[in-house]
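First the structure, in the form of structure tokens, and then the observations on it.
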Amino acid sequence: MKIKVYGADLTAWVAAACLARSGNDVTIEGQNIPKDKPLYDISILRDEPGLLEQIQLQVKEGRLKRNSKTSDTADIYWLALEHGEYDQAQKLIVQLGEQTTENLLIINQCNFGVGASDQLQALLNEDANQAIVYIPNNLQEGQALQGFSQPKRIIIGSDNNWAITATRALIKPYLQNIEHLQIMSCREAEFTKFAITGMLAIRLGYINELANLADKLDVDIDTIRDGMGADPRVGSHYLSPGCGFGGQNFNQYIARFSEIFENKGHNSLLKTVITENEIQKELLFRKLWQHYQCDLTDKAVAIWGASFKPGTASIDNAPSLKIIDALLAQGVHVKVHDPEALNNLRQHYAQETRISFCDSAYSAAADCHALLLVTEWPEYWSPDYMRLLDQMHTPLIIDGRNVFDKEALEMYGFIYIGVGR
Amino acid sequence: MTVNQSPAWNALTEHAKDIGQSPISKLFTSDPDRFKKLSYSAANCMLDFSKQRITQTTIEGLINLAEQQNLQQKIEALFKGDIVNPSENRPALHTALRQPEKESLIVNGTDISAEIHHSLVQMESLVDQIHNGQWRGYDGSPIKHVVNIGVGGSDLGPLMTCRALSQFAPTNIRHIDLHFVSSMDGSQLAQLLDRIDPPSTLFIVSSKSFSTIDTLANSNTAREWLINASGMSIELISQHHFIGITASPKKAAEWGIPEKNQLHFWDWTGGRYSMWSVIGMAIALKVGNSNFREFLAGANTMDSHFREAPLAENLPVLLAMIGIWNINFQDIHAHAILPYDGRLAHLPAYLEQLEMESNGKNVTLNGHSVDYATCPILWGEVGPNAQHAFYQLLHQGTESVMCDFIAPALRYQDQGEELQQQHQLALANCLAQSRLLALGDSMLDNAENSPIHKRYTGNQPSTTIMLDQLSPLSFGALIALYEHKVYVQSAIWEINPFDQWGVELGKQVATSLLNDFENTNNTNNDSSTDGLIRFVLQQRQTARNKEDATQDHVSQTGKESNQ
């Protein structure tokens, strides 16, 4: 199949890589990506594990091209534009409708809101089998390739039988592990996508709120969480308390969904979750501030983990940024380690002289008055405690993801502060 | 010779007799170009005096009086930093506060311009820190609520300006909620403390002397509230939840505000002239640092106009002299301030202090009692609302009242047509009222056939002040216009507009009365004061007896059930 993918962000690249890998002839059209920019210079590709290599391979094999002539036609068009690019989507669809006389299949994965696919469909001639199919984007940063090529669940949003059959054929190679495939209207599919993302955010917001309360009531949130998770009505997914969630895709969907609620005159629960999450991102700073009695003058603080979650180099909306900003504003010397995200962080803080970007976790911790674990990369889970004790100025560990054993650390001689315990 | 025996004054007295024969309506019919001749523009303000009981001859006479009183030299003295406040032996340099940084001003061998800008930059850096969410409360939370504690000049100016200019706040600073607390009885504070969150609340204590009892009483209550909520020491709370703005650094430090949280201004800044200094921090917090600078620039434009324009074209001078005409030659002793724009709701209260505290004086600079009227009673309200309150008196009462109508020509330019229509409605009302006050029902056909209780005699003079639109720039100019008007009038009346000895003695008497509330049998004072104190003490005793009785009842019933 000849497929054109429109978009410049992670969703577009992942779709292009996976569709090409399955033998399709793919072109990716991203208005912001200059064709001559080397692939390894595109940070989205570097940040997602395996993506850059896969893209390079597909380009080399000749199955993936960048920015063709716009007049070239394809069998299928794949829309993965950013949520602010609705006008461009409209223009594109009108143009595709005009230049195509035969069947036209457009897969929409954009976060344009509920009803957007129907509005785009209205620009086409459905009687002539010009159809838009909405497939919710299930992208999870850090596991994006696997998520696309071996999904457990897929929703196809369409009322058009011809389009549904054509879409099934297109995604056939990715259905080996499928547990649930559901077909519904575009509007319902769009709503479902928002509803799932919103539910996850609310669970995270709730467990964080519980953890903050546990802090004050002197109970251990881990015990509470185990108890909650054992109840099948609750389950244990998305119940890890911590210092806030980040990332680009997840946040955009939640923000957009909250807007939809607001536009319909509802005071959204999600809006509260978003606001509280921003506050939660500074939790580790507040714990540090309280520990040092509101005075961080001349302190040095280590940050372990800067990406918004393990497995990605992306720092979009990452809690680490808010913590670092707060520390810098208090005149703290910040020493950061992250296995993947240091380059992104260096660019973000290009003008800042009071940050050290450290090659090893231990060199970051050396001479520090506190160690803040912000992102739970596996390499931090079991450090050489004696070496840390030896190197740190003050053995204070503030564990933003509850990865360490509190009792063990206290036994070694650390001052341990977790989230909700 | 006092001013009211001077030739220029006498000439005006004579002229007033002539004018007395011509009501305002007649002045209009006799000169179709009246508006053109009697309206003036400068510094984003347009002043229309044509609805005053004046002619061009009046203005000439008034300018003669101003010249006779050496006004031009007195204006220069104000700007140069001469001692214009002799009873406190200091200059009044509010104009220096809004002077551009590049212009230096040497007073007593010090370049005060450099000091002023140093202080402003310090303020801006604190404002940025708060806007950026990097001023932290005791638990590390960013500040969300800022409470300005101050009274008089430390309250009215910032409060008025925040209300007037709030629409100019950039969206990225609107997360800060600003509150004002002034009253010594704690009623504003008590209500506020119920609604706000201790760790994210910062108090700005604004007091020139840092000994104002109203402000310190509120600040002490605020600090106790924070200590109780946090369980932290008084030092930590003072350090992280209080900023002190003062001309008395030592006193602020004694109260517990560390040096780094202090912003300073100087004894040559009068309280009611102080919002241009760091006292304006609340304004900068509300509308942003750059809008605050615009506001200063607007005032500076009016300053330059006041200093440089010939007296006969000088807006503050004309506004002041026409006031003198009304007060001293037309026998009018009430002055209503009537803004036709809800954003100017606090302007009347601000001008009450500015004018009445400045010029409500009965002694000349030479220490003689005056035998002519000085500052009139000033009051006001947002015009359209006042129409439903006291306009009845303006139109048909027995008092002569002069009015200032104030409105922007343009509003809601980038908003809906409905709102623009509402503004036009307000403007139509503004013009209708000033017209009716000036002309009476003479402008209507057949008015004389109405019953007498429906008649309007008119001939009430007013000035209309139109801004092109309300902005930091034009609002700064408007306030400076009134400040300079007050100064000009004081120069004519030969009084000191920069002291306020009339508010001192009451504070001392209040302090001495505090003890009398402890003693039921006191007979230290006049019978009224003693009687009122006794009444309060009796009420207290009755309340206490009731409380005891309830407790007795509770313990009695408790015993019974135990048995």
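Heads up, residue numbers simply count up from 1 along the chain you see.
Yeah, the Cβs are placed from backbone N, Cα and C, and that goes for glycine too.
The active site, proton donor feature in TrEMBL is assigned to B:Glu357. According to TrEMBL, the active site annotation covers B:His388, B:Lys507. According to TrEMBL, the compositional bias 'Polar residues' annotation covers B:552-563. Taken from TrEMBL, the feature region 'Disordered' applies to B:543-563.
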Packing count at B:Glu357 (active site, proton donor) (other Cβ atoms within 10 Å of its Cβ): 22
Between the residue listed as 'active site, proton donor' and B:Lys507 (active site): CA-CA distance (Å): 16
Between B:His388 (active site) and B:Glu357 (active site, proton donor), the C-alpha gap once rounded to whole angstrom: 28
B:His388, B:Lys507 as active-site residues, winner by CB count within 10 A: B:Lys507
B:Lys507 (active site) - helix vs strand vs coil (DSSP): helix
Secondary structure at B:Glu357 (active site, proton donor), reduced by DSSP to three states: helix
